Amino acid sequence: MLKLLLGDPNARKLKRYQPIVSDINLLEEEVSPLSDDDLRRRTAEFRQRLDNAGSLDQQRPVLDELLPEAFAVVREAGKRVLGMRHFDVQLIGGMVLHEGQIAEMKTGEGKTLVATLPSFLNALTGRGVHVVTVNDYLARRDAEWMGQVHRFLGLSVGLIQQDMTPAERRRNYGCDITYATNSELGFDYLRDNMAADINEVVQREFQYCVIDEVDSILIDEARTPLIISGQVERPQEKYQKAAEVAAALTRAAEMGKDGIDPEGDYEVDEKQRSCTLTDEGFAKAEQMIGVADLYDPQDPWAHYITNALKAKDLFTRDVNYIVRDGEAVIVDEFTGRVMPGRRWSDGQHQAIEAKEALAIQPETQTLASITYQNFFLLYPRLAGMTGTAKTEETEFEKTYKLETTIVPTNRVRARQDWVDQVYKTEEAKWRAVAKETAEVHQQGRPVLVGTTSVEKSELLSALLAEEDIPHNLLNAKPENVEREAEIVAQAGRSGAVTIATNMAGRGTDIILGGNSDYMARLKLREVLLSRLVRPEEGHRPPVPLQRSGAEGGGGFAAKAAPASGPHGHAPSEARAIGSLYPCQLTEDTDQALADLAKDLVKAWGDRALTVIELEDHIATAAEKAPTDDPAIAALRAAIARVKGEYDDVVKQEEQRVREAGGLHVIGTERHESRRVDNQLRGRAGRQGDPGSTRFFLSLGDNLLRIFGGDRVAGLMNAFRVEEDMPIESGMLTRSLEGAQKKVETYYYDIRKQVFEYDEVMNNQRKAVYSERRRVLEGRELKKQVVGYGERTMNEIVEAYVNPDLPPEEWDVTQLVSKVQEFVYLLDDLQADQLQGLSMDELKAFLQEQLRNAYDLKEGQIEDQRPGLMREAERFFILQQIDTLWREHLQSMDALRESVGLRGYGQKDPLIEYKNEGYDMFLDMMTNMRRNVIYSMFMFQPAPPAGQSAGQRTTA
């Protein structure tokens, strides 16, 4: 009703941007004739106007005034450097991002180019802009590709990669615009707040941040906190024994009801992802281990058994993790990528290692942690872009105070979404997927099949191999990941079949007819690899070499390699079928490439580069930025020449693919989130291309099985249909959407809970980190320590003096001995000196005594070496903050686990957590102050000739 009265709020927002778009279009005529140098001078003019404004808050209105001119300049730079002109809708996207909102832009609408607009504008303040992507590859690609625009306009561009040193990181964070992944930013923030010296800090104060694939980072990853941990020793044999016990226990066929245990040793709740032992299971486990009680605090076993059961039933190999080089490596459930270096916490990863009989790594203790939710809220202005945000609009608004604006597409969408087909069994579903893939492949259309796990992708690969259908496989297995860019580059070619695990965040558009630009780069890489790259790099070409059967034809080879095995050939063979390149190069071009290789050997040395260095050179040559390097210029000319030859074939192929109907996308299971389904659909029909999509489901799919409930079970029995006959039912589709909404709400509640609990920690974290930073910067250290001492004196007075009693009854003797415990230099302080003083006078007198004693101590220490006192102050404060904060994190974790049970006593666990957590925090800060004072007075530096270190004692 409101929509009818007020109109669509999104349309109203877009209308507001229209006049500014017109202004930018008018300015284009003014900016176009400018020389490159004049264009760069505009950047300096903008900066001057901002410098005159002063603080960030005063600069904001000036930025808004500059927007039309700045956007016009960036658009012109994009045309000159990248050969890409920002469309009007992309300008709108840039305005949405500048205002600190989320821009929903469909796949293929050029989100990466849009980010150049607000990042340039906000970087003019000189306070730094962060552009965040989901992986290192995308960060590097965007910094190289889009960074050209910023560099052309005179801004510095930085890039943060996983293997960089602190010095490189600091240099890159110091740039005007820095490209990085969410995890690198978060971990650098935590490491900065564990630094022992201000020179180890790499980040500067946060200002403005644009997040690409914002839903993936702020929603999908919001349940996972970032943790930096140190190792703690736990007995490995417990994990191994627990894995043996778990293997011997029997899972109950169904959940228990009304407090009555089911038949079996333990029950599994897939929805809550938990395992619980029945009474029978407890007895069995205790007997097998030989203990009286699994919960015995002296020898606890329950935690190990629960983790072992979860590892057995809830963590599946090739779905949740893969085993590689003797390690269990996590597979990201949203992107299907492996995440080396990440581990599940609380001993869960060790339980999986025991299950797989791998070497068990030591368990860890948290040293610092933060959630992405609270990390990104540290930015004064945050913005994001994605193809799918509308379904999570409420969460963005409630958690992050971010509005979502849908930016219209540049061309009308021509994609057809065909109706879902539901099969009774999983087997029938996979046969139907293979059948439809074969039919569409025969029409000469490219097909992309999205699967939810490595295991399922390999199952389909085997089915297609039986049918003799050439295809490429893209999943978390290392041999496939290395060919990722190559597989995606040819996924739009005529008759290409690509099986991919979760296409979210893949970062490369599927171009109909194939990506000739990328194929040209790969050709150069193949030619130069053996001549320029060190042999010890252990490289093998990531691309299959040209196959004789497919030369000049474009498209994929129709026939497989010679048969081997029962199904014609193994899936591993089937993957690489089809030539990568659309045609064979002419003899002249082949000769030119051979000559180029010789010239580059002279320039860069015979096999002297790493693979990464070679790829960087090729990426630089593929850019349009001006270059003085003759080797890069020659490489650039070669890429253009090869691309020109490929283009002739690719353009014809693109026309054929368009006429046949474009890319067909097949989904093989509904994901728990509608958003991930929409991301997969969005791969077809980009920028007005033709295309179609269809989802194939079975009644045994996880989503329907776990969340569909009894209604779907009833439907299963009601459908007395053949197994291979698809069911199309409105009721079923509604059940399915209901199930997805239910899951989304369920996970939203979990994230909300994570956020609410972490909010308590967040306020404490901010207080501790700001105190720590003040110490690191060495600001007024003496004043700070003396302040700690004065508060400690006040606390001693309050502990030993009861203001309700007359002064003669106060225990002044005890008070004096307590003061002397902390400050041994006050040994001559007598109780009678304090007689007759009021409580306030007592505090003032003791504070005065403490200051005098501290000056005396400072004189003694500074006599040894000037500046030593400040160093000692910094060392002891940091040591105490770090030690106590680490212990506090553990106590807060334990509190959080125990507080849940208080719900049974009609108490709100969150309020209990807040109150007790606050008290624990105050205790921690009090202990920190007291320990620092005690340590400072006990500190006895070694004499200059020095044998022993000074005492470092804590109260």
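Residue numbering: from 1, along the chain as shown.
Note: Cβ is positioned from N, Cα and C throughout, glycine not excepted.
According to Swiss-Prot, the ATP binding site annotation covers Gln90, Gly108, Glu109, Gly110, Lys111, Thr112, Asp509. DSSP gives Thr112 (ATP binding site) a helix state.
Per Swiss-Prot, the feature region 'Disordered' maps to 537-571.
The compositional bias 'Low complexity' annotation in Swiss-Prot covers 557-571.
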For the binding-site residues Glu109, Asp509, the largest set of other C-beta atoms within 10 Å encircles the C-beta of Glu109
How many neighbouring Cβ atoms, not counting its own, are there within 10 Å of the Cβ of Gln90 (ATP binding site)? 25
Sequence-ordered list of residues in the chain of Thr112 (ATP binding site) that lie 6 or more positions away and have a Cβ within less than 8 Å of its Cβ, or none, is Asp142, Trp145, Met146, Asp212
Identify, among the binding-site residues Gly108, Gly110, the residue whose Cβ has the fewest other Cβ atoms within 10 Å in this structure. Gly110
Around Lys111 (ATP binding site), how many other C-beta atoms are within 10 angstroms of its C-beta? 23
Greatest CA-CA distance (Å) over the residues Gln90, Gly108, Glu109, Gly110, Lys111, Thr112, Asp509 that the record ties to ATP? 17
